[in-house]
Amino acid sequence: MTVRVPAKVNVQLSVGPLREDGYHDLVNVFHAVSIFDEVVAKESESITVQVDGKWSDQVPVDDTNLAIRAARALAKHAGRTYGADLVIQKDIPVAGGMAGGSADAAGALVACNELWGLGLPIEDLMEIAGDLGSDVPFSLIGGTAVGTGRGEQLSELPTGGTFHWVFALANGGLSTASVYAECDRLRAATGAQVPWPQLNDSLMEALGTGDAYALGSNLSNDLQAAALNLRPELAPTLDAGRQHGALGAIVSGSGPTCAFLAIDATHARDLAQSLTATGAAHTAVAAHGPVQGAVLI
Ligand code: C5P
């Protein structure tokens with residue numbers, strides 16, 4: 001069984017006050033883009049994982065691996081002991097703010113559901129996914145969707161066209177938990193009350209009509225200031241993208257990947273080339289969205 005799963009960028013990430021369970025209530029507008037990991041599941045006695053491809057040396061293959069945890073959670077849900085050898089072909093940056101780990105968990109759920117002949121409906125997989133991580137349910141469905149709660153309660157959004165993006169990959173990752181903690185620290189320092197997150201209506205309209213210019217000027221990420229504080233070298237990368245005509249430039253999720261919205265596919269290719277040629281990014285990848293979530297191929 002081979003499942004292909006996309007990366008995501010958050011076109012709006014509004015972070016509410018810190019909750020008692022250590023999470024934050026969000027308005028999180030997810031958008032799946034055409035950078036993919038593949039998860040292959042083969043019959044086996046026990047559950048194991050192997051990671052190949054880019055950055056594979058940065059992914060743990062022990063019990064903390066999210067794909068192993070996903071397969072175990074699925075077997076537990078089915079009430080039986082199952083085995084699977086999982087092989088992940090990685091293309092999504094590790095700890096990059098693009099939901100790479102969540103993608104692998106979603107891929108493992110879909111692949112093992114098929115391998116083990118469980119036939120569980122997507123609703124069951126979504127529930128298991130939400131327990132594994134806030135972004136895992138979105139990786140299952142893909143497309144464009146608004147996430148509330150921790151980000152795991154989703155409603156899908158129809159979009160009026162394809163958007164073209166460039167992603168500037170950074171050296172080394174950022175821990176999501178530490179970026180949220182830095183966000184809390186910055187907020188505590190100002191003493192201001194944190195407002196309840198609200199969906200941006202202009203952003204919704206831009207997505208619905210497929211208006212890249214309007215989408216570009218409405219991109220927002222409440223974690224950006226925290227990510228820039230932890231990785232100040234990202235600020236000139238964002239500036240360079242804007243100077244090369246990006247319609248919008250933001251840190252992707254908790255970073256450190258930077259996302260640039262381009263006018264069209266040609267502009268995305270040119271922008272990616274300019275970012276690497278000028279040294280503003282060591283690697284820049286063009287992609288488009290929305291694309292579908294975890295799918296058997
Ligand atoms: O859900 P997930 O395990 O991906 O979250 C990783 C960390 O990110 C959490 O432990 C928490 O510190 C932070 N987080 C948060 N609020 C959210 C989602 C994640 O504070 N809505």
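Numbering starts at 1 and runs along the chain as it is shown here.
Cβ coordinates are placed from backbone N, Cα and C, and glycine is handled just like the others.
Heads up, TrEMBL stuff is auto-annotated, nobody curated it.
Database features, via TrEMBL:
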ACT_SITE  K8  active site
ACT_SITE  D135  active site
BINDING   P93, V94, A95, G96, G97, M98, A99, G100, G101, S102, A103  ATP binding site
DOMAIN    65-143  domain 'GHMP kinase N-terminal'
DOMAIN    203-280  domain 'GHMP kinase C-terminal'
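Structure coloured by features recorded in TrEMBL.
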residue : record           : Cβ neighbours (10 Å)
K8      : active site      : 31
P93     : ATP binding site : 23
A95     : ATP binding site : 20
G97     : ATP binding site : 30
A99     : ATP binding site : 30
G101    : ATP binding site : 27
A103    : ATP binding site : 36
D135    : active site      : 27
What are the helix, strand and coil residue counts for the domain 'GHMP kinase N-terminal' (65-143) according to DSSP? 46 helix, 8 strand, 25 coil
Cα-Cα distance linking K8 (active site) and A95 (ATP binding site), given in Å to the nearest integer: 12
Based on DSSP, tally up the residues of the domain 'GHMP kinase C-terminal' (203-280) by helix, strand and coil. 44 helix, 11 strand, 23 coil
Spatial neighbours of K8 (active site) among the recorded positions P93, A99, G101, A103, D135, using Cα within 10 Å, are A99, A103, D135
Quick note, A99 (ATP binding site) and D135 (active site): C-alpha atoms separated, nearest Å, by 7
Starting from the Cβ centroid of P93, V94, A95, G96, G97, M98, A99, G100, G101, S102, A103, the recorded ATP site, name every other residue in that chain with its Cβ within 8 Å, sequence order please. A7, I92, G173
Could you tell me the C-alpha distance between P93 (ATP binding site) and D135 (active site) in angstrom, no decimals? 15
Expressed in Å to no decimal places, the gap between the Cα atoms of A103 (ATP binding site) and D135 (active site) is 8
Rounded to a whole angstrom, what is the C-alpha distance between G97 (ATP binding site) and D135 (active site)? 10
Give me the CA-CA distance between D135 (active site) and G101 (ATP binding site), in Å, as a whole number. 9
